[in-house]
Amino acid sequence: MIKRSDFPKNFVFGTATAAYQIEGAANEDGKGPSIWDIFSHTPGKIMTGENGDVACDHYHRFKEDVQLMKEIGLDAYRFSISWPRVMPDGKNINQKGVDFYNRLVDELLEHDITPFITLYHWDLPYALYEKGGWLNSDIAMYFRAYATFMFNELGDRVKHWITLNEPWCSSFLGYFTGEHAPGHKNLQEAIVAAHNLLRSHGHAVQSFREEVKDGTIGLTNVVMKVEPGDSRPESFLAASLVDKFVNAWFHDPVVFGKYPEEAVKVYQERGLQVMENDMDIISTPIDFFGVNYYTRTLVVFDTTNPLGFSYVQGDLPKTEMGWEIYPQGLFDMLVTLKERYRLPLYITENGMAGPDKIENGKVKDTYRIEYLEKHFEKALEAINAGVNLKGYFIWSLMDNFEWAYGYSKRFGIIYVDYNTQKRILKDSAYWLKDFLIS
Ligand SMILES: N=[N+]=NCCCCNC(=O)[C@@H]1[C@H]2[C@H](O)[C@@H](O)[C@H](O)[C@@H](CO)[C@@H]12
């Protein structure tokens, strides 16, 4: 049985959340609307018709939540800042919003929990969306100013920062499939948004080097193990190409200063415009990559699809999200990232949505314990294979607003009763508490 002491001494175990998914107080103390406030209030966008107006009410209950993190014994906590809470119009400061994050950081430090901050976890100020949002190249300057302000405000106490959470989701789910805010369905827009997200990332890193000299900063991507769904050679080719679009597209430019060749050609015909010194900015050196790993993606050669491939379902056991449980993919991707980019890594998200039910005041989420054990084992295997893995953040600390699925998908190790806002540690939280002292 794997033990905490099998991991390197300074390895951090934590949990992760995001502002829009847990804070609530959507219109309180001067906070401005984000694109997710508008999207979740737009009929038909959220499967359950729910929104993040209250969520887990973390804005008011953060002290209780930090106390629960302490009770479990977490080393670290990854959370995001709501840009429109601190800058309601994307530019001017809302001091009450800033005060909340000062209080949260101080509460974490008082409980010996190391804060890891994500600057952007999808909740763009709506006022900036009205100015073009990620489609307007000026967004990089707004993001740089926001990042610089936060570095100056919290950088004395917070030494670990992530610029963006999953730019692939922000651009391709937000602007191509339309599943996420702002709900556009335009491939050219998705390509432009992805480029502006990476430019914004680079500007924030440049500012960080001036503002927080003793800190580390990185970029978090969703990392999908892309595999062929059948044995045809064309499907192997399709898998390799999809891997370039979903994985390499958001890692290569940040390290090598250039997009993957195979994908550039496709995107240049569909609106990608790279201006002078964009790639130099995007490839401003970072200290680590954050890896959000959930599952694998299977693709097959498919001439009926204009892109030449289609996604297929695998036959492994699945979570409530319909995602296959595939711990081997975590090992494979950690090794791939290490060999290609030679950067330290954090697993900034890994976890599962389960059929969590309260029975006699308990949640027997044995399936989540097994899921975490298997993925912990693969993470350790990767470390022993030479991967410089520095930490592991479970998604998520508590059940929360799961974007287009509303509150119907429970990822937390803590159960949230949304009617009463009562928090109940699931069996997986008690398991983690024991693991962290093993
Ligand atoms: N097929 N397939 N699939 C895998 C693709 C997963 C893309 N979604 C994510 O990674 C999001 C990430 C997000 O940071 C968090 O805010 C979300 O709550 C979790 C759970 O959904 C994950």
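Cβ from N, Cα, C; glycine included.
Residues or ranges marked as substrate binding site in TrEMBL: Gln21, His121, Asn165, Tyr294, Trp395, Glu402, Trp403. Sequence annotations record features per position, and here TrEMBL assigns active site, proton donor to Glu166. If you look up TrEMBL, you'll see Glu349 marked as active site, nucleophile.
Distribution of TrEMBL features across the structure.
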residue : record                    : Cβ contacts under 8 Å, 6 or more apart
Gln21   : substrate binding site    : Gly52, Ala55, Cys56, His121, Ser396, Asn400, Phe401, Glu402, Trp403
Asn165  : substrate binding site    : Ala18, Ser80, Thr118, Tyr120, His121, Trp122, Thr220, Gly290, Asn292, Thr348
Glu166  : active site, proton donor : Trp122, Thr220, Asn221, Val222, Asn292
Tyr294  : substrate binding site    : Val222, Met224, Met321, Trp323, Glu349, Asn350, Gly351, Met352
Trp395  : substrate binding site    : Thr15, Ala16, Asn292, Glu349, Asn350, Gly351, Phe411
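Report note: the substrate site is defined by Gln21, His121, Asn165, Tyr294, Trp395, Glu402, Trp403, and the residues of the same chain whose CB lies within 8 Å of the CB centroid of those residues, excluding them, are Ala18, Glu349, Ser396, Asn400, Phe411.
Put plainly, the recorded positions Glu349, Glu402 were compared by Cβ crowding within 10 Å, and the winner is Glu349. When secondary structure is read from DSSP and collapsed to three states, Trp403 (substrate binding site) falls in the helix class.
In the three-state DSSP reading, Gln21 (substrate binding site) counts as helix.
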